[in-house]
Amino acid sequence: MFRARNMIRAQNRPRLFAYLIFGIAFLVLWLVCLVPTAHLTDTPARFLAYSGAGLVLVVGATALCGELAAWETRVLVRGDPLPADADPVRVAVAERLLAWGVLGSAPEADRLARILADQEARKLDVRFPRAWRAFLAVAALGVAVMTARTLVVEGLTPVTFPEVTIHSLVAALCLWAAWRHPADAARRRRRAEALSQAYDRYAAGARHP
């Protein structure tokens with residue numbers, strides 16, 4: 001139910017939720033970076049300077065990512081978010097119905113699934129599957145170039161082995177996602193449309209499928 005609760009919060013208070021999530025994430029990263037910073041700086045003044053600069057970056061990154069995430073959520077919702085008092089259990093059921101592309105036996109879950117179906121159709125990776133596929137392919141190429149550069153310049157050593165391994169896995173994952181994405185996006189669109197059409201027929205008084 002954790003995901004369902006967070007989805008309800010994010011859609012009803014997008015800016016607050018985005019700032020909270022990114023703020024916590026960047027703050028934790030900043031705190032982790034304080035440990036090596038303390039070892040690499042030779043004076044307390046320099047440590048405070050670097051720590052302060054890092055904190056400024058945390059605030060800026062939180063504001064930037066928070067605004068972008070809030071804007072994306074508003075575009076996705078378009079004035080029709082999940083109700084703030086929605087039951088997280090029914091939201092979770094609605095997500096499963098959307099994944100199957102069918103209505104269920106609970107009218108409230110069906111209504112929530114209809115809202116989610118509209119939102120699914122608005123997602124960028126569903127609306128523009130080819131562009132998203134190209135983005136994933138470019139990301140894979142970029143990571144592959146970084147890996148090749150490391151191998152050519154530094155070689156495969158005990159120091160570079162973890163970096164090369166992680167980069168190779170990321171590149172392979174991006175390529176796999178790029179290969180699968182168009183079919184996956186088409187399937188998600190079909191199921192969202194099927195659920196929307198079934199709900200609209202039912203709401204108009206037709207027999208429940």
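Yeah, the Cβs are placed from backbone N, Cα and C, and that goes for glycine too.
According to TrEMBL, the transmembrane segment annotation covers 16-41, 47-70, 131-152, 164-181.
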Of 47-70, 131-152, 164-181, whichever stretch has the most CB pairs under 8 A to the transmembrane segment (16-41): 47-70
Residues from the same chain, set at least six apart from the ends of the transmembrane segment (164-181), whose C-beta lies under 8 A from its own: 125, 129, 132-134, 136-137, 139-140, 143-144, 146-147, 150-151, 156
